[in-house]
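J.: Once you've had a glance at the structure underneath, I'll fire off some questions.
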Amino acid sequence: MPVRPSATTAVSAPGKVLLTGGYLVLDRQYTGTVFALDARIHAVVQQLQRDRHRGSAQSSPKDDATANTGADETLENHPEESVIVRSPQFRDAVWEYGVQRCENGGGVKVTQRNEGPKNPFVETSLNYALTYISYVADSQDLGSLSVTILADNDYYSDSRQDSNIDSRSRGGFHDFGVTLQDAHKTGLGSSAALVTALVSALLIHRTMHPDDLIVARDKLHNLAQAAHCAAQGKVGSGFDVGAAIWGSCSYRRFSPSILEGLGEVGSSGFEERLFSAVEDLDSAHPWDTEFMDVGMKLPPGMQMVLCDVDCGSQTPSMVRKVLEWRKQNKEEADLLWDSLQANNEKLRLELRRAVHGRSDPEFEAAAALEIYKNVRVLMQRSRNYLKTMTEKSGVPIEPLVQSELLDTVSGIDGVIGGVVPGAGGYDAVVLLIRDDAEVIKKLNLLFETYQSRVEDDFGGKIEKKVAMLARVILCNLLRMASTENLSAPDGSDSPAATAQDNTTTTTTTAPEHSDVPAPSSSSPAAAEATQLAPNSTESQSKEKNDTEDFEDKSSPREAAASAAATPTPDDTTTANTTTTNVAAEPPTSGVEASEAPETTTVTEGEDAGPELVITLLLITGARHPFKIDKKYLRRRSVKVDNDDPFNMSVYTLKELIWREWRAEWEPQPSSPSSIRLISFGKLLDDKSPLSESSLTHDAPNVIHMTVKPQEVVDEEDAKGGKSYSARDRDASDRSPGCRCIIL
Ligand SMILES: Nc1ncnc2c1ncn2[C@@H]1O[C@H](COP(=O)(O)OP(=O)(O)O)[C@@H](O)[C@H]1O
Ligand SMILES: C[C@@](O)(CCOP(=O)(O)OP(=O)(O)O)CC(=O)O
């Protein structure tokens, strides 16, 4: 019996640090400033194959993940569908689920088969993602799946760090040597990144093509929020899931009512309610999350350092207590909340001023110094308000031991300021420092011998300090990469390693980007690439005018686009000391610098006329600016009414792009019609004039560009331009291949 290789989909999502806005952000009246970090959680989903002739399922030798898990993944033992989830960095971290469909539209529910502790975040993610998938897919055959979760090392304090320093510096995934329950979290938001990566991987695996991830971000956000909220007991604002999808931003939460009526998985009609929530179809409760200043970064010359104090705090119980106090002391609390919000906003704007100022050559050193001074003062004020909140609510938000630590580090030359991030407590402190190795050295020296001397007001203790880092990610633009980086600790026979094998195999068919596995030309994969965006789920999703709500007109999509330089996972694990540098600006993709916009000097006296400025964003993350005006058009003999580029059709724009194709991009397609342009989540239609799209005159317009693989074009041609729907396929029909998307 032939054994077919499995498809593999890998998605990773970043962790977060809520610099300011803890507790405030739970209320829609206020916002939180969140930075996405270079520590990521990766979810690798593999299809396990079913032998239809015998009615049983079978995994290929490469798929067989039983070797080091103790779980029996041979599907012959489980004729019904099953999902096996493993976290190979932890002991006994295997969850084996049977999959059932509930009556009366109750959705899909998984039931843990093996003994051992439950994992509510994994279980809820599976329930929500599989319910959604089975609802939108015509085929009811979900197939059986193997899922591997891998977390970048900074998510957990490693008690065996010294002995593992080599593996840390190698950047591999640690084997933490303990159960998940015994692992010490560092507060980077493991559950939010896990849920986001997992539901996204599952959805992409079964319902969409990776290219469509860009346009599906809202949907993935909604599903991840719903799943995380349910698993977490509905206490959070969702800023962590928001950052996992959109990256660093100023976040305003969604109205809780959006998810209130969802009910439990299994309850009658759950699948329809979930679908409606994910697709944003309920006009009475539209999604109203706001992501402002997306792609926010730190000023050049500034770094962010997270110091893990390895103690831990219970955020949900702290939240409950603070909210209770606020309820009982409304006036006083409102005053405090308003003052803190105003201060936090000032801090954000000051950082922003520094970012924009420093990139201007006219910006003077004196101005930079003034901004740093202001940042320091504002961070100190933020701390004062949090201290008041601590005293009033009786919750250890900034307890004395943390105050002592922050005061001590603030005394170091080069430390601009520090706060307790998020809910505060004994998790971590976050510092803004001068981007200088000397400062890091001094911090490391301090931490080596640091001893707390105060008696804590809540009885807490700092037993141990690990200064550890997270580089701030500008934003989390869709990225495709190979899963080669995803090798589980020592696990050559783990699913992650299997994914690597598959990738290697698959990438041999990839003509251009070694990190973008191309579909095999002989497989239906090529068809997958074209069919998904316009299908049911996408077309039903409500199109938002992103710019409307955003303070500085930087919509998630625009800003996602501007984050072309998002580091790939291999950039993310370079820590080689206990303190890692936080780069203020991640390395750029290298294309941008050499690509100055086309400049067009207009003859004196001649009006340059309307001008269309575009930043073309490639799937690799590279950006290319275009400025199209009268002169540009004339030089290329392109005739357009009134020489107005907005009167060009989308197809003419494609032709221009095609004519100016860059060698460093992916291979030039055989015709402009293979180019797909996406603006504000909408595929631009060839025939429409640009004036009918959402492009504006007064800002660079970010347009995402993807190229249809040649096999797709050939297949479409053969079929008279028609592609079949993803819904028409079932699990086993999916093509072999491997894809990895970094959110
Ligand atoms: N690597 C992992 N593999 C599987 N589940 C994980 C992993 N990391 C975290 N989780 C899940 O997330 C939970 C921690 O979530 P939570 O308490 O909200 O902490 P955090 O603040 O890190 O999000 C764990 O109990 C587990 O259910
Ligand atoms: C209190 C909060 O406003 C911020 C909590 O931030 P943390 O970064 O402390 O979150 P956890 O990783 O879940 O502990 C709650 C919220 O907004 O969800």
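Note that Cβ sites are derived from N, Cα and C of the backbone, with glycine treated the same way.
Grabbed the feature section from TrEMBL, which reads as follows:
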| type | residues | note |
| --- | --- | --- |
| REGION | 50-83 | region 'Disordered' |
| COMPBIAS | 56-71 | compositional bias 'Polar residues' |
| DOMAIN | 184-247 | domain 'GHMP kinase N-terminal' |
| REGION | 486-607 | region 'Disordered' |
| COMPBIAS | 496-510 | compositional bias 'Low complexity' |
| COMPBIAS | 517-527 | compositional bias 'Low complexity' |
| COMPBIAS | 540-556 | compositional bias 'Basic and acidic residues' |
| COMPBIAS | 558-588 | compositional bias 'Low complexity' |
| DOMAIN | 647-719 | domain 'UBL3-like ubiquitin' |
| REGION | 707-737 | region 'Disordered' |
J.: Please compute the mean pLDDT of the model over the domain 'GHMP kinase N-terminal' (184-247).
T.: 90
J.: With helix taken as DSSP H, G or I, strand as E or B and everything else coil, how many residues of the domain 'UBL3-like ubiquitin' (647-719) land in each class?
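T.: Across the domain 'UBL3-like ubiquitin' (647-719), DSSP assigns the residues as follows: 26 helix, 16 strand, 31 coil.
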J.: For the domain 'GHMP kinase N-terminal' (184-247), what are the DSSP-based totals of helix, strand and coil residues?
T.: 46 helix, 2 strand, 16 coil
